[in-house]
Amino acid sequence: MKLWKTASRFLPLSFLTLFLTGCLGEENLTALDPKGPQAQWIYDNMILSIIVMALVSIVVFAIFFIILAKYRRKPGDDEIPKQVHGNTALEITWTVIPIILLVILAVPTITGTFMFADKDPDPEVGDNTVYIKVTGHQFWWQFDYENEGFTAGQDVYIPVGEKVIFELHAQDVLHSFWVPALGGKIDTVPGITNHMWLEADEPGVFKGKCAELCGPSHALMDFKLIALERDEYDAWVEGMSAEVEEPTETLANQGRQVFEENSCIGCHAVGGTGTAAGPAFTNFGEREVIAGYLENNDENLEAWIRDPQSLKQGNVMPAYPDMSEEDMEALIAYLRSLKVME
């Protein structure tokens, strides 16, 4: 009775856990809907493992319940059962079967390990292979397109159907680079260079995250990977590489002056101007989110500029609580004007 009372308390929690599995959140942040060869391999092997575990569980529990029902002690049955001290056939069987199951799991695992470790460019792409240097900062991502000669922040663009090589670094603490829909995760470690490759099967926007606890705003260290058709990707690269023109609108041009006078250019590069202490702003006006998770609208942008610590604790962005409304409006107009795609 006591056991049943204890179980009845935890049973609702078990069902609650089952229901919570439906709270997946954003559909582009899941490994269960693969959009690339790496992610597909991970998904297929996960399904294979589940099938193997399910078959083993079914067989083991079936034998368990059959024996429990057939050979359980009955009332008045005091006879001592026949004592068995070994069965060679059974022992061989329950040794060979696990070996076979392990081989079934080991072969694709080893094959995939070598596939993931292959960092050579795709022969079909050759010299057009995209190389991206990824640097993890608290709490944002920097993407350097070394062959093209420019830097992007928070949003990383790749061409569809091509193997893209990533070189991973960390500026401060341990991070982990992960785009669930396209592949597995890999750590970025201070002082150590890691490599990986990803490929997208179709155009789309795929959410990425830091998958290693790195500080108070770790959960907000998100980014987006945008996969484009090759011609669109080339147009984006051309726009990012071009010299940034002065804004044509008066308000945005005033905002550019506010941007420079408040030393924003000292941290946020625009085109080839500025440094990479913070995310590059060359295409800021095209981003869907700011600070990794906030919708890119005027209200959120002003709140971020005035008090970034209230929105993302532990970041190094200075606050500008006393900036006038006129300067703030002009600065936001300037940031909105920073686009490279029509």
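Any Cβ shown, glycine's included, is placed from N, Cα and C.
Quick caveat, the model's predicted, so the values are computed rather than measured.
The region 'Cytochrome c oxidase subunit II' annotation in Swiss-Prot covers 23-249.
Per Swiss-Prot, N-palmitoyl cysteine is recorded for C23.
Annotation comment: Swiss-Prot describes C23 as S-diacylglycerol cysteine, evidence class sequence analysis.
The feature Cu cation binding site is assigned by Swiss-Prot to H175, C210, C214, H218. Sequence-distant neighbours of C210 (Cu cation binding site): residues of the same chain at least 6 apart with a C-beta under 8 Å from its C-beta are G136, F139, W141, H175, S176, F177, W178, H218, M221, D222.
Taken from Swiss-Prot, the feature domain 'Cytochrome c' covers 250-342, and the record attributes it to sequence analysis.
Neighbour counts were taken at the CB atom with a 10 A radius for the binding-site residues H175, H218; the maximum falls on H175.
DSSP assigns C214 (Cu cation binding site) to coil, not to a helix or a strand. Across the residues of the region 'Cytochrome c oxidase subunit II' (23-249), the predicted structure has a mean pLDDT of 90. Taking all protein chains in view, 22 other C-beta atoms sit within 10 angstroms of the C-beta of C214 (Cu cation binding site).
Applying DSSP to the domain 'Cytochrome c' (250-342) sorts its residues as follows: 43 helix, 6 strand, 44 coil.
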